[in-house]
Amino acid sequence: MSSNSDHHISVEHTDGVATIRFTRPSKHNAASGQLLLETLEALYRLESDDSVGAIVLTGEGAVFSAGFDLEEVPMGPASEIQSHFRLKALYYHAVIHMLARIEKPTLAAINGPAVGGGLGMSLACDLAVCTDRATFLPAWMSIGIANDASSSFYLPRIVGYRRAMEWLLTNRTLGADEAYEWGVVNRVFSEADFQSRVGEIARQLAAAPTHLQGLVKNRIQEGSSETLESCTEHEVQNVIASVGHPHFAERLAMFRSKEMRSSALAVDLDAVCGGR
């Protein structure tokens, strides 16, 4: 996809990694209706693209995303404004649901401030990394609307109930180090190293078996709301499904071969397990 002025995102493919980049730097990469629909369309295409093993979301310029594009809010009566936000919320939620559903791992590469719905979209990704100058702000209180973009779902699960309440009610800005401490991001990198480190992580994700990553995503998402009995039963079902996949047959054959037994992986396993 081109990144010209006709589009609000670009999509780049490198080494099995697809990067969805928000390309509205003059608008702080605010989420216009077009940006959200283009992102959703891109995710649908990438879901069925076998050449893609991982998906990165990032922003062009100095900002990840400023959330809702308030310049699109109509000047009409309250009912018209409510209809506008209802439609935009549906777009946002469709993107977030797709990020949760897609088997391929998603990585939020937060290159600058993540605000409001931009923060929400980053929370919906499987992993998140940021530059050391990134900041994180709920912002919903600032503009007079209730929190959305899945923040009610993901924040308590990621940072815990007390911190989620504190953050949303006080509306304070978190810097990169505090965001890391709270678990909002997995890693913080210097701005100079950011792109290369994002590439390393994304390529590592892309190299892993997609079907297994999808099973992991499903279990982590569903397991937190299940009983222990239900969770372990679903794990057994996933194990049975995975050992019936050709990938497992290949790995088992490799493990049984002399080449595998003499590899570094086998040595590490022997060391850990006390083998000879």
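Each Cβ is built from the backbone N, Cα and C atoms, and glycine gets one as well.
Pulled from Swiss-Prot:
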type     : residues                                                 : note
BINDING  : Ala66, Gly67, Phe68, Asp69, Leu70, Glu71, Gly117, Arg261 : substrate binding site
ACT_SITE : His93                                                    : active site, proton acceptor
ACT_SITE : Asp148                                                   : active site, nucleophile
Show which residues of the chain containing Leu70 (substrate binding site), separated from it by at least 6 in sequence, have their CB under 8 Å from its CB.
Ala30, Ile143
Recorded positions compared (Gly67, Asp69, Asp148) - highest count of Cβ atoms within 10 Å:
Gly67
Does Ala66 (substrate binding site) have same-chain partners at least 6 apart in sequence with Cβ under 8 Å from its own Cβ, and which are they?
Lys27, His28, Asn29, Ala30, Ala31, Pro113, Val115, Gly116, Gly118
Number of Cβ atoms other than its own within 10 Å, given for Gly117 (substrate binding site):
28
Which residue among the recorded positions Phe68, Glu71, His93 has the fewest other Cβ atoms within 10 Å of its Cβ, if you could check?
Glu71
Tell me the Cα distance separating the residue listed as 'active site, proton acceptor' from Gly117 (substrate binding site), rounded to the nearest angstrom.
10
Filter the recorded positions Asp69, Glu71, His93 down to the ones within 10 angstroms of Asp148 (active site, nucleophile), Cα to Cα, kept in sequence order.
His93
